[in-house]
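Peer 1: Dropping a structure here in structure tokens format, bear with me for questions.
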Amino acid sequence: MDNSHFFVTGDPMIYGADVSIILVSLAIIIYLTYFKKWGWLWREWITTVDHKKIGIMYLLSSLLMLFRGGVDAVLMRIQLAVPNSHFLASEHYNEIFTTHGTIMILFMAMPFMFALFNMVVPLQIGARDVAYPFLNAVSFWLFFLGAMLLNISFVIGGSPNAGWLSYAPLSENDFSPGPGQNFWIWGIQISGIGSLMTGINFVVTILKMRTPTMRLRDMPLFSWSVLASSIAILGVFPIFTATLAMLTIDRLLGGHFFTMTGGGNPMMWVNLIWMWGHPEVYIVVLPAFGVFSEIVATFSKKRIFGYASMVFSMIAISIVSYYTWVHHFFTMGAGANVNIVFAICTMIIAIPTGVKVFNWLFTMYRGRIRITQPMLWFMAFVPCFLVGGATGVMLAAAPADYQYHNSYFLIAHFHQVLIGGVVFGYLAGMYYWFPKIFGIKLNERLGKWAFWTWQIGFYVCFMPQYALGFMGMTRRMYTYNSTMGWDMGWAPLNMISTVGAFLMGIGFIFQVWQILYSIKHGERDVTGDAWDGRTLEWSIPSPPPVYNFAILPVVKGRDAWWYQKQEMQKGSYQKEAVKYEPIHMPNNSGIPFLMAVCFFIAGFGFTFEWWWMGIAGLIGVFITLFARSFQYNTDHFISVEEIERTENALRNHGSIHRTAN
Amino acid sequence: MSNQEHTASIKAYVTGFILSIVLTVIPLVLVLNHMMGKAALTVSILLAAVLQFVVQLFFFMHIRDGEGPRYNVMALILGIIFVVTIVAGAIWIMSFNSQVQ
Amino acid sequence: MSQTISAHVSDQNHGHVDQEGLKTLGFWIFLVTDCLLFATFFAAYAVLRTHTEGGFSAKDFNVPNFIIETFILLTSSFTSGLAVLSMHKGNKKGLIRWLIITLLLGAAFVGLEVKEFADLAAEGATISRSAFLTSFFALVGTHGAHVTFGIFWMIGILFQLSKRGITPVTTRKVSLVSLYWHFLDAVWIFILTVVYLMGVM
Ligand code: HEM
Ligand SMILES: [Cu+2]
């Protein structure tokens, strides 16, 4: 492999990035040193195993990645705004759509989802932490350093450019020599291992760590959605790992899984990667459904309508989504029988999804609805997801897909479900639980500005793309000539679409502003129950103490906190005397971070085919694993006095009814 | 693990070991002596493998141990469904390849 | 909806979860996902097994070698069970002895596999010779890598056992490594059947 171009050169944008990366890194280092924050960073964040802090780190990184992916998106839209544009070279355009897609799905949506898992699930089920806090930290650091590995490809070695799913044989050595493709492989391989472990962690957390009185059928729907999503993670991420390993074998060892020569079969790559890829989109959308279920119930002041059917449809989605992957390559030619089966399975998924939408609407029916920020995002989600779902069913009709396949119609469809479903859902979740985790409500006025710019931007950007698809514009097209442009009507629509992309960018800036502004001036939540909520996370202070629950809550049915509040209002309500017991908590550990650093070193080494470095990194990974195995002093108890002190301090802080547990 | 009622006993292990050996020897003999037609042979040796897997599950891996909901059994069943889907699905979908090549 | 649940949490072991049981369940689930990893390699093998490009094909596998490998691994699965049995009897010496025997058998298995691979490569049947060989080496090699990892894991546990004896934590660790070992044996049965037996059939 040709390593003579270690640093990417030749493009002003890249020099700009170089300079800004160096400046930002310097600024961070100087800041940390000047304010003597290194120790704090290490003790409070890098070594933490507290699910709330890990959740916060996931949230920050995913917002950062949303920014990076968003910049990519805007660059592409600038390029496409007018015909014959020379803003980006074709090669550069390829790199940008590749990193945009990869980052948005794997480094924005996934960590945003894990942020919500971590920030909410233990609080919702009355647990003090996840089942494996140490593993949780490992997962986070693997994700984070995997993401960084992909991101540095922009300035070192060169970006991948074979598309977000890197179809073989294009992604093989013959057509994509150089480190870019390897960065893609190792970046997502490392973070994918982290995702798999998070899946195991949350399945076990939900099954085993609920407060002893909470039965599964009393569990809040968000936690159910996390269970469904985690089951799907367990089902498909091993396929992902193996498939990426196969591509690695081809590229690094000269194998022939997916090559054009030596009997390899590139279509096998397409088959395997979509076995993971399709369920992946349901993995990210299921928790969004869960978020909406919580929000609708809270802001309609009603129990959710059709709880059992909600649970059933989520589990059904997570299983049936395993049987639809071929709809991404109907045109491959596997034959009518194959296509029919997978087309039907795809359409079947629309049924449970429809059930959920009706349940939300029935919950709102005759409810006392409050239009808060989370609720706004829910109300935006419904029409957006309906249109996205309808165009999805159009694409699922195999014969018709021969027309739509890989056109802008498809681009519009999947952005409609990914943005309208996943991003709106996670943002709604962020608005909803922000007061819980940070003790701060996010500013309404800026939030509304963000909301409306996002909404208008979304439709302005993506509606024209359905039309462009029908007019024959294909995806991944880096430019079009002016006869196509003005005569065939492509240019005006593309221009409009670009305007929409900018509006969404402005919406994002509003949100960043909103968060920063609210941290400084926002309304503080002292009640612990910012929205008059229904589930257990609202029964404890915001932000919760390390151990979450001083006493494990007693659950007597669904919407446990809501019924408890009602009982407390009755005259006959008697506070039980509280008697604290020592709480068992895991110790912080630096090993997860070090292990991920070793993974990073290994990934970087193999990316440049520096075997010595790759193997050294892997040996480092094993050393950290062994070091952990030999650690016996892994947890501690919080004493009763300390709990009392913490609880009293929290209660004097102004909040109510906490002892009610 | 804390409760002391394990299905593990020396008898169980020895039985499992013997059964495994038998279930390994049968397909070996069948194949090396070309005892059947190709289809029948394939089915029988796969069957022997599955049986041996079951033997290992019960006699070595103590799938029956433990109290409460059997989450490990559920995970295993779901896993088997997925395994079959992956292998059979890939073979079925890629079978057109033999005509294309 | 509000049925009375006799709920006094503080009576129930302080709300602590049985840590070792928790880890065992997680490990089970991990093993199931590992099955899916192998299934993916099996799927690739099944699709590519005829793509030999006129080179080495599955008919030419060394029969005695894979038969010996099979019985070694099978026996080691048995001995790892005996290790667990000694552990439950509180017999630390027996436990360590059976673990060492298991480990040596595992090493013999890996040794034979390495020899097989080396012989193949010497014949020119390398990983880059054909798609069939790529998928073969990947599938069998992944299994071999798992066994190797298991050997190192057992060595680590042996050290802990000799230092700490049979405690709830080491008990869980031994149970897990033996579960892992049985699992690898089960995977091997399918490799034997699908790769070797159906190959030479
Ligand atoms: C913020 C607004 C967004 C805009 C303006 C935008 C724009 C684009 C554009 C212009 C393309 C390339 C089309 C082509 O040339 O083929 C693209 C591709 C893609 N986008 Fe987005 N996008 C946005 C958000 C997202 C989000 C939130 C996700 C996922 C969660 C996402 C996932 C993808 C994927 C997977 C691709 C395909 C990449 C490929 O072809 O390999 N996008 N997007
Ligand atoms: Cu799909």
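Even glycines carry a Cβ here, placed using N, Cα and C.
Summarising the annotation, TrEMBL assigns domain 'Cytochrome oxidase subunit I profile' to A:34-556. Summarising the annotation, TrEMBL assigns transmembrane segment to A:12-35, A:96-121, A:183-209, A:221-249, A:269-292, A:304-325, A:340-362, A:410-434, A:446-468, A:488-510, A:585-604, A:610-627 (among others).
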Peer 1: How about the transmembrane segment (A:96-121) and the transmembrane segment (A:488-510): do they have 3 or more C-beta pairs under 8 A, pairs 6 or more apart in sequence?
Peer 2: no
Peer 1: Restricting to the same chain and to residues at least six past its boundaries, which positions have a Cβ under 8 Å from a Cβ of the transmembrane segment (A:12-35)?
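Peer 2: Distant Cβ neighbours of the transmembrane segment (A:12-35) are 41, 154-155.
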Peer 1: Where among A:183-209, A:340-362, A:585-604 do we find the most Cβ pairs under 8 Å to the transmembrane segment (A:304-325)?
Peer 2: A:340-362
Peer 1: With pairs fewer than 6 apart in sequence excluded, do the transmembrane segment (A:446-468) and the transmembrane segment (A:585-604) have three or more C-beta pairs that lie under 8 Å?
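Peer 2: No, since the transmembrane segment (A:585-604) and the transmembrane segment (A:446-468) share fewer than 3 Cβ pairs closer than 8 Å, they do not count as touching.
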Peer 1: Grab the pLDDT values for the domain 'Cytochrome oxidase subunit I profile' (A:34-556) and give me their mean, rounded.
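Peer 2: Result for the domain 'Cytochrome oxidase subunit I profile' (A:34-556): average pLDDT 94.
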